[in-house]
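Novice: For reference, the structure I am asking about is given below.
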Amino acid sequence: MSKLKTAFFCQQCGHESTKWLGRCPSCGSWNTFVEEVQEKKGTAVRDNWKPASSGNQKFVSLQEISAQEEDRWITPDAELNRVLGGGIVPGSLVLVAGEPGIGKSTLFLQDALQLPAVRTLYVSGEESEQQIKMRADRIGLQHENFYLLTETDTQTIFQEIKKLRPQLVVIDSIQTLRTPFVESAPGSVSQIRECTAELQRFAKATRTPVFLIGHITKEGSIAGPKILEHMVDTVLQFEGDQHYIYRMLRTVKNRFGSTAELGIYEMKENGLRPVANPSELLISEKEEPLSGIAIAATLEGLRPMLIETQALVTPSVYGTPQRTVNGFDLRRLQLLLAVLEKRGGFQFGLKDVFLNIAGGLRVEDPAIDLAIITTLLSSYEDVPVPHNYCFAGEVGLSGEIRAVNRIGQRIAEAGKLGFEKIFVSRFSRKALDPAKFNIEVVMVARVEELYRQLF
Ligand code: TYD
Ligand code: MG
């Protein structure tokens, strides 16, 4: 009798080894190796969704392919279209990862129910038919082209697919699936890898888009193997703070579009509402201007967004001053404080500094620097900044204010939202014609100059 083929896999990153290891040489985590059976003996016919006789020609002419490319499906969910790079690509395999409870099942149930013309199969390994029906009732949508299957065995799923011939498949979640060709438990590296590979072959051969819902671990990485990310065409990360109602769908990888895109939703009683104009939500209404608040004209992907930044600068009680950030990089804050200290002579070394980006958003755009500097100075001096001013610029180490990309788009958005003044880098001058905008554009070259203009 032949022995089963086994191997050890790091459950964190998917690294494969012939023997057990204490520490993973690839990702460095400890005690993550688990022995898994790779292949079952007497492997039967795989991919039984295939038509019985598919001929034996495997090659295709390139010209033939390009003739039928790029017919994306534009869904009613504009945010989903945006993060996918302009709609669903037939035959694409999309992984949507997020923490439990963030709203992944809600989003894909809702989006599938908004496509009455598309025959959809929603495969759930986590919830019962009744639970899904209840959720659909809560969202208040239904159509007769939407089919449910509560099943975890891939071969049974393919049999049902063969009968139904769906045009769209949603798998909730990839961690619950198991294929009979691999012996280890659902959720293990070899199971996830093999199930994904089966679904990938199905998606490509039948040109059916497949959405895989995946859980992420406490550390924030996609549970199970990193290799999953390499196998799929698109990776979307669904994130948000449980304490806020906003949810963000971020493109992490996309073979069919840009990776800088962001979709924003609001979690309501009856499902997720796409937010078309995030700036309106991210700026709070105030009766009178308060110190320590400044608005940044940022860009997430190609989308301009105005975000409120808040700071609180107070005298430090203890020896070491505290720096606390929410939604911003701590080291970046320390750097900006050092610039203010050195170039402007402000004594932040004696102060505690708390910094907050509104709505629990995490912003990576360097153009937010100018608003951060302003909000820090505003709280330091306890002088409010007029609430109809906004800022877009990167701050350099010598206190210079640098130009940022797509400045025209940022200014136009600020003008559209009724701001009166926008502060930008003087080095943006070449890129713009201030007369063109219905907002006053103030150009500054250095931090000191900004200070003189405002305080
Ligand atoms: P769910 O889609 O089950 O999350 P996931 O699949 O990512 O684990 O959504 C979970 C949360 O969303 C749950 O706490 C309830 C909330 N929710 C609403 O607030 N409104 C709704 O209409 C629905 C369906 C869910
Ligand atoms: Mg779910």
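Each Cβ is built from the backbone N, Cα and C atoms, and glycine gets one as well.
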Novice: Please find, within the list 253-257, 378-382, 413-417, the residue stretch that TrEMBL describes as motif 'RadA KNRFG motif'.
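Specialist: Feature motif 'RadA KNRFG motif' in TrEMBL: residues 253-257.
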Novice: At a 10 A cut-off on CB-CB distances, which of the binding-site residues G98, P100, G103 has the highest count?
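Specialist: The largest 10 Å Cβ neighbour count belongs to G98.
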Novice: Which residues, same chain and not among G98, E99, P100, G101, I102, G103, K104, S105, have a CB within 8 angstroms of the centroid of the CB atoms at the recorded ATP site?
Specialist: H215, F238
Novice: Could you count the residues of the motif 'RadA KNRFG motif' (253-257) that DSSP puts in helix, in strand and in coil?
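Specialist: Final tally across the stretch: 0 helix, 2 strand, 3 coil.
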Novice: Given the model, what does the mean pLDDT over the region 'Lon-protease-like' (352-455) come out as?
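Specialist: That stretch averages a pLDDT of 90.
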Novice: If you check the binding-site residues E99, G101, G103, K104, S105 one by one, which have a CB less than 6 Å away from any atom of ligand 1?
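Specialist: If the test is a Cβ under 6 Å from any atom of ligand 1, the answer is G101, G103, K104, S105.
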Novice: Based on DSSP, tally up the residues of the domain 'RecA family profile 1' (69-216) by helix, strand and coil.
Specialist: 59 helix, 32 strand, 57 coil
Novice: I'd like the Cβ neighbour count for G101 (ATP binding site), meaning other Cβ atoms within 10 Å of its Cβ, all protein chains included.
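Specialist: I get 9 for this one.
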